[in-house]
Amino acid sequence: MIHAYQLVVLAPYAAALVLVAIPGYRVGAVLNVLASAATLAAGLWLMVSQGVVGEYAIVDEFNVVFIVINTLVGFTTALFSASYIGHEIETGRLPPGFVRFYHAMFQAMMGSMNVALVANNIGVMWVGLELATLITVVMVGLYRTPQAIEAAWKYFILASVGISLAFFGTILIYLAGQPALGEGVPAMTWSLLQAAAAQMDPAILDLAFIFLLIGYGTKVGLAPLHAWLPDAHAEGPTPISAVLSGLLLNVALYALLRFKMLVAGQPAALDPGPVMIVMGLVSLIFAAFMLYQRRDIKRFFAYSSIEHMGLIVFAFGMGGPLANFAGLLHMAMHSLTKSGIFFAVGHIAQAKGTQRFADIKGLSVTHPRLAVAFALAVIAIAGLPPFGVFTSEFLILTTTFAREPWLALLPAFGLLIGFGALLLRLQGTIFGEPVGPAHRVDASSVPLVLHLLLVLAAGIFLPPALVAWFQRAAELLG
Amino acid sequence: MPELSASGAALGALAAAAVFATLVRGAALALVYPLCAVAALVLGAVDLRVLLTGTELTQQLPIGLPTIGLHLRLDPLSAFFGIVVNGGILAASVYGMGFDRAKELTRRVEPLFPLFAAAMNLVLLADDAYAFLFSWELMSLASWALVVARHADPESRRAAHLYLVMAAIGTAALLFAFGGLAGPAGGYAFDTMRGHPPQPMVAALVLAAALIGCGSKGGLVPLHAWLPLAHPAAPSHVSALMSGVMTKVAIYGFVRIAFDLLGPPAWWWALPPIILGALTAVLGLLYAVLDRDLKRVLAYSTIENVGVIFVALGLALAFRANGEHEAAAVAMAAALLHALNHSWFKSLLFLGAGAVLHATGRRDLDGLGGLIHRMPRTAAFFLVGALAASALPPLNGFVSEWLLFQAVIAAPALPQAALHFASPAIGAMLALAAALAAACFVRVYGTAFLGRPRSAEAAQAHDVPLAQQIAMGGLAFLCILGGLLGSVLATALAPVLADLVGGGLPRAGSGPTVFSLVAFDPARSVYDAPVIALFVAIASLTTLVVVHRLSARRTRRGPAWDCGFPDPSPATQYTASSFAQPLRRVYGTAAFAARETVVMPPPGDSQPARFSVVLVDHVWRALYAAPGRAVLGLSERLNALQFLTIRRYLVLMFAALVILLAIAAVTT
Amino acid sequence: MTGDLLVQFLAQGAQMTFVLLIAPLAVGVVRRVKARLMRRQGPPLLQGYFDLAKLLRKESVIAESASWLFRSAPYLIFALTWVAAALVPSFASGLMFNWAADVVALVALLGAARALLALAGMDVGTSFGGIGSSREMMIATLAEPAMMLIVLTLAIAAGTTRLAGVADFFLAEPFAVRVSLALSLVALVIVALAENARIPVDNPVTHLELTMVHEAMVLEYSGRHLALIEAASHLKLVLYISLLICLFAPFGMAPASAGVTGWLIGLAAWTAKLLFGAALLGLWEVSIAKMRVFRLPDFVGIAFVFGFLAILLAFLTRGVFA
Amino acid sequence: MNQAYEISHLLSGAMLVTSFALLYQQRVAAVLNAFAAQSIVLALAVAWAAWSSNRPDLFITALIAFTLKGIVIPVALRRTVTRLGIHREVEKVVGVGAALLVGLALTGLAQALVVKVASGTASHAREELALALAIILLGFLMMIVRRNAVTQIVGFMSMENGLILAATGARGMPLVVEVSVAFSVLIALFVFAVFVFRIRERFDTVDIEALDRMRGDRR
């Protein structure tokens, strides 16, 4: 009897193998969607099926949250790219030969991320995450324009260094666990490690966490390790930008959090909280200021992703049931909203034939529906009701103020700075006299609407089951 | 409970109207405003019932914030403000019915108007922090979209941007306030907060946050700068809502936090609202009296009234902290009544301004004039509003001012020296504000409606459709009625006052007549509007009769005398700017470093002399322009980090790593 | 009881008529005193009445550009001022309708009259009307804060804002908080000068365009309308003088309990004090010169300063800082 | 056993020395030689570990280290250097002296960090760890004090040598082999990229005009 988590991992890889063999674009797209749907189904099945703690795989409330988001956004993105890539081929930005490659890579990437998520072995987790990273590197370079290649190159270098550091951290964890758990696989099994955390050597744990923070933090996009992120988002195909912001950052964050739980298990070790708070705030405020100088719409939202990752890391750094709950919620909301925004941006780029703010004006005159959708998405990410991001930011700020009144000023400051920039760009794009061409948009708007509806629903009503589930995950985080 | 379900139905109707207006187009849209009007009527009726019976309705729904759900509560306080809000909405909706759908822009207004209305009602119903801020932000968002409805105009875009950013700052402050009230445990329901008032230190922070949060929405100096830009930018009936009603929702927020949730006050809590409020009152009118844009003048006068209300609230806090419940009741009654009265006359004035804008297409006072001949009804209604806004008896504006002065006069009885020194200063500033208000509205009315038309548009003006006249007429009637029956309104406040300050005004009939408004006790201060009005009426009628008996009834129309050399051109009239000149000379130099420069042509040269005035808005310079520049400058600096070489990025990474390692090395 | 009520009613009516009737005389006294001091014959004491009668008889010319507001304003202004004047306790403190309005309301009533006058001044759309209105309103913004301070002092002293109450208080103990009272007396005098458009704030007899304030506003009025406005200004003068009397020299005023005889005494005392005050005003007006409009803030500022000092001293005497 | 530890310790020490040699070298060719030396020492160390703690699978790692990083890549890179005509003097950011001093400081830091590790864990593991950490940091340093793509790659590879050393030092750690293979692939990609995208002087000069358009946002 095959278990859901195996499906979550195997389905994408199998699909990847099949897709490599399929030349036609349309069939490939359909298959891609179907495979993603299957994965999503498996992910949802995980929600209901009881948890697993095996030698190599683990499924608990904590990573189910991530798996479901992952498979869900993966599915919608596949849906979106099915129509989007078609347009790219027509306009000739993408040679048809690449599409087969693109679909296979997409599935492989999804599979690798799921591997990292279900892995109970920190080595396997590392492998999955790095595999996913390297695949996205290739995807970013897909258009083979000099810009794309340089973005991919930058991404490649920084990611590789991150990979090495993260691996060293993993080795250190093994070393720390070895005395308690003995040599071999047990000392790399996360569940066992966490159980034995109290007996581990605090000094090694400190060392390990630092290397893991820098290593995986590079992929989370924390400043000052963020450099690859904006260009990778701006130059890759839009579906990949959506996946990067919506998923890869989350998976890296997931790994980081697993290790935070581990280190937190050893009271003698350095408290990861303050470190995460500092890095989170730095990323949040830095990214907020960077928003003002952006002229490329995708790079703009990439920085906004850095900003929100900073906020999430800050929340987890604060810790405690409320802050962790808020952090998880914000993470989920950000994935949905930000990938939705990138869908909308894809539409806009197709409608105006450019990614430059200077050439995108007066959308509400030329493309009213698109303008409304985009406006709603930006409003959502700006943390305004009735969307779910408001809920999480409400919780984060209130609980921070209740615990550390003066500390709370910093995230609020960052968010306000970012808000100003978001609003400025929003008004600039949808209002005023339209300029430039106004093409028909033929990418499907279903994914965008779906995401918006989900975020809206979350802002108004979170099902109690979902809430309880988030709460248990928050408790696991301690 | 039927009332709440009625309100719920009405809110649902508003939501439905919003959705309807987004989906359909064409003639069917004409249904939106009537729907809003009906909904406002229902909501207002429920509020009225709750206020009069002094009951309290509560409801919990399993939506909203996870784990605590949505708490709704309609107590006398929110019911009172509900009456304020829905009165304004009703008037604005009726006014909206008069719009010519062919000409005016409606596609960007009609979907949002009901949303705005619903959000404001929801703020009042909310009984937990999440619901409150949720609807609060929704309110800002809807009004933002309405402000930017004329999106092609860059000015309104800038106004909208500033507005929503300031709103966000205010919301952040309120988040802090509620965070402090809820505590680390996260007791976000208002009942939980009432149960556990915070520590003094936290309470002080909460109060400051609440003052910033609600002040920025209400236009408290120095957080006011967005208001005179945003309110006028919206369509006039929306301006009426924003200025007349939304500012009251801000007041409600402050009252709810400071008087209900925050527990027993310390006396010094009173100082910030009193001082800021008095500054706001005077400064707001100084802005108003020097401005030349009709709608902006009204917006500035809104700032002044908000300041007055905050002064009253501060006094109420002071009295309550000292256990003087009657005095607290007087101050609180002044605040609440002024909120109500202001919502009436300010909505009226903005609707009137809208009528003028509609008739002439102009907002600049110096381009108007003589409208009293062209649009007599609007002129009459506007006159009522203007006199009410200048706090002149027997209109409603004066009732609340009178109560407020009574409260100020009672302030020296307080034990704290700081409040002693404050009381005369506050009294003087309020009196100055009242006098300036009179000057301001004489100026507005005199230049816009009296005299001779200064532009072709003004000369061609025509009165507005019936619906809009009805809206204005109704409000004007309310202004007069509220002026005469202020005491009745004051007695209706009894449950609210009892809840908030544990005291009340002397019960009705304790005065010489049923309608006499009494502060403290009849021997101390009484204001009896009906009697005075009666006297004035009798006196003027007798005068009329007598004079017409005695005098030659002959009347001749002739050219204006004007000291013997009348000039036919309307340009020779006093304009708004020339009217402001004495006030500018007296106050402007101090407040705005006003400088006048006159360039005289050399003798024998026939070219005209040039006169120009420079005003400096210090608040804007220091608190808005400077930070804006700072943010942009800093972002430009940081932007260098976007253009580093990969090696430099690696250096950053390496530095981060080494620093963390070093920290780990030194910490034991 | 009903008879008593009737008497009360009559008394109130009597006060209204008295103030109305005596107003032109008071003005006449002022003019006469001034003329005498300037070694002129001067107009007869009753000139005020003659002027009003003449104006009533003349037809009134109304500018084409004038609106209904221009025509109805004089009646309202006159009525408002008249009622206000009637509300100030003159010969008796306990009159029936004194309670209807306290000082605050009284000041506001005069404010309403002023606003209407200013509006009327702008209605025709001439340059002079505008000058008058704007300056009038500016002066008001200077005077009202000072007035508020005076009211505050009295309230601190007497514990009420009802004029009758204050009068009773000072009748009862004539030497309460002396110093601050003296200060606020000065302040009130200055305010009164400003409000009544007397020298040095304004010159009631000038028609030199650029120095006019009050006269500029009413420039377009003629005939019966002008008569009403003149009468109103006379009433206002009486109002302020009797306000000063009632607050600072209430002696002789009939207390609330007094009967008709007491009223008669009070009436005599009040009339005497009123005319004396008018004479003093005349003396004052010849002894100083009119100020430039923009020197006014300094002059009225004195009232503000004195009013503020008065309050602080009132605090001291009440020992609130102890 | 003890002497087994002595030898592995000796070899790791030798690797650290080669790392300093890398920092010290001026010319590309010499850098490549030093790197080759380091890789070969690594191969020896891994082989010794494989033999002493009889884990034959580690021999694969050793073999990879020897063939790929000891011989193939240095040769290939030398080819590239000559083909791309990179001038022989490597553009440096900080002087050799300074670089060496910083390197010493980093080694000290590594020591300071590992000293805090409780001696409860096998002491040889501690020593290996300290050396590996130092080697990794030096490799990173190498990447950022040189402006030349090839030397930067070398820096990365020596970092990765440190990783392998640490991995083999961690007794009985699974996946070491797989990981070493994975890293070899990574490095192969690096070199491949250097060939394909004509990365001449630095990592970030794919193409000069590209620089302006891109990262651009500068319009």
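Just so it is clear, glycine is given a Cβ too, placed from its N, Cα and C backbone atoms.
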**Asked** Among B:120-145, B:380-405, where does TrEMBL put the label transmembrane segment?
**Response** B:380-405
**Message:** Counting a contact as 3 or more Cβ pairs under 8 Å, with residues at least 6 apart in sequence, do the transmembrane segment (B:380-405) and the transmembrane segment (B:529-547) touch?
**Reply:** yes
**Prompt:** So are the transmembrane segment (B:529-547) and the transmembrane segment (B:475-498) touching or not, going by 3+ C-beta pairs under 8 A with a sequence gap of 6 or more?
**Reply:** yes
**Message:** Using a cut-off of under 8 Å between C-beta atoms, tell me which stretch among B:77-97, B:267-290, B:339-359, B:475-498 contacts the transmembrane segment (B:425-445) the most.
**Reply:** B:267-290
**Complete:** Taking the transmembrane segment (B:238-255) as reference, the highest number of CB pairs under 8 angstroms among B:161-182, B:267-290, B:297-319 goes to B:297-319
**Prompt:** Under 8 Å, at least three CB pairs between the transmembrane segment (B:475-498) and the transmembrane segment (B:77-97) (pairs 6 or more apart)?
**Reply:** yes
**Positions whose Cβ lies under 8 angstroms from the transmembrane segment (B:161-182), at least six residues beyond its ends** = 129, 132-133, 136-137, 140-141, 143-144, 147, 188, 192-193, 198, 202-203, 205-206, 209-210, 212-217, 223, 225-226, 229-230, 253, 257, 261-262, 624
**Asked** When you scan the chain for residues with a C-beta under 8 Å from the transmembrane segment (B:267-290), skipping those not six or more beyond its ends, what do you find?
**Response** 204, 207-208, 211, 215, 219-221, 224, 228, 254, 258, 297-298, 300-315, 317-318, 321-322, 414, 416, 418-419, 422, 425-426, 429-430, 432-433, 436-437, 439-440, 443, 580, 583-584, 587-588, 591-592, 594, 615, 619
